[in-house]
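What Swiss-Prot shows for this protein is this:
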- 1-30: region 'Disordered' (REGION)
- ASP76, SER77, ASP115, LYS145: 3-methyl-2-oxobutanoate binding site (BINDING)
- ASP76, ASP115, GLU147: Mg(2+) binding site (BINDING)
- GLU213: active site, proton acceptor (ACT_SITE)
Amino acid sequence: MTSGRAMSPEETAPYGTGPARAESAPDAPAPIKRIRTHHLREMKQRGEKFAMLTAYEQYAAQTFDEAGIEVLLVGDSASNNVFANETSLPVTVDELIPLARAVSRSVRRALVVADLPFGSYQASPEQAYLTAVRFMKEANAHAVKLEGGIEMAPQVRKLTEGGIPVMAHIGFTPQSEHNLGGYRVQGRGEAAARVVAEAVAMEQAGAFAVVMEMVPGDVAAEVTKSVSIPTIGIGAGLDCDGQVLVWQDAFGLRTGRMPRFVKQYADLHGVLLQAARDYAADVKAGTFPGPEHTF
């Protein structure tokens, strides 16, 4: 299969080899590596953890890729964080595809995973396949993610048999928040066995990784030991193979009450707020633009 855009030598080279060259200087920088799904499994086997963040546009994607984030998720959380909806339910395929396209065009190394939004895959494996094909063809996504456990195994199997890598999502599934009674931890007590069974079912159906959201840490640890595919936690403790957060939460662009599982690494809201105030003050005071900004 041929991509719709020209690929760089770094992208077409085998993982870790970089572009062909006659001779590499001893102090040459390490070659750029394109992360593939099997590399995440290899990292799990080595006991090496990996990071995943959401991304919805060019500059965040480029920055996170430069930082070495292995996986970027074009999440249905764009519904809240881009389109200002209260939940993830309203966002559509047609809204997410341009975001996924922008992210995939902007990275050189990260694996780009696109969420399948609510209502675009639940009806049948055939519906799931047709939706996923759009993300792969129109957005150049590298993989897709869908929510659900054992009941979604036919969809996962259909996609993987059709050549589309699938990341599963179990535990608390935001698209089912009304059915689950709101934002609640999943897998406590007797329900723990079901979380393990769902992860095993996703692996058997062909998923290359599984996200666990709002699952007790000991249950997530048991899942991680029970499957050979990587586990990715969001509110699922330290023993997962990788972690994922919504970037606006992690870096303080969104304000207000944060979920317990969020650690904020920056206060981007404060930085942008002050910068905007400084800009407005300069304009009102007549000090911008100055001579150095004028032709």
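Backbone N, Cα and C atoms are what each Cβ position is placed from, and that goes for glycine too.
Give me the structural setting of these features: burial, nearby parts and distances.
Mapped onto three states, the DSSP output places LYS145 (3-methyl-2-oxobutanoate binding site) in strand.
Taking a C-beta cut-off of under 8 angstroms and a sequence separation of 6 or more, ASP76 (3-methyl-2-oxobutanoate binding site) has the following same-chain neighbours: SER88, VAL91, LEU96, ASP115, LEU116, PRO117, PHE118, PRO174, GLN175. DSSP assigns ASP76 (3-methyl-2-oxobutanoate binding site) to coil, not to a helix or a strand.
Sequence-distant neighbours of GLU213 (active site, proton acceptor) (same chain, 6+ residues apart, CB-CB distance under 8 A): HIS169, ILE170, GLY171, PHE172, THR173, PRO174, GLN186, GLY233, ILE234, GLY235, ALA236.
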For ASP115 (3-methyl-2-oxobutanoate binding site), just give me the three-state DSSP call.
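For ASP115 (3-methyl-2-oxobutanoate binding site) - judged by DSSP and reduced to three states - the answer is strand.
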Can you give me the residues near the recorded Mg(2+) site, meaning same chain, not ASP76, ASP115, GLU147 themselves, Cβ no more than 8 Å from the center of the site's Cβ atoms?
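Nearby residues not in the site list: GLY75, SER77, SER88, LEU116, PRO117, PHE118, LYS145, LEU146, HIS169, PRO174, GLN175.
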Pick the one among the binding-site residues ASP115, GLU147 whose Cβ has the fewest other Cβ atoms within 10 Å in this structure.
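Lowest Cβ count within 10 Å among the binding-site residues (ASP115, GLU147) is GLU147.
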Looking at the binding-site residues SER77, LYS145, which sits with the largest number of other Cβ atoms within 10 Å of its Cβ?
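The largest 10 Å Cβ neighbour count belongs to LYS145.
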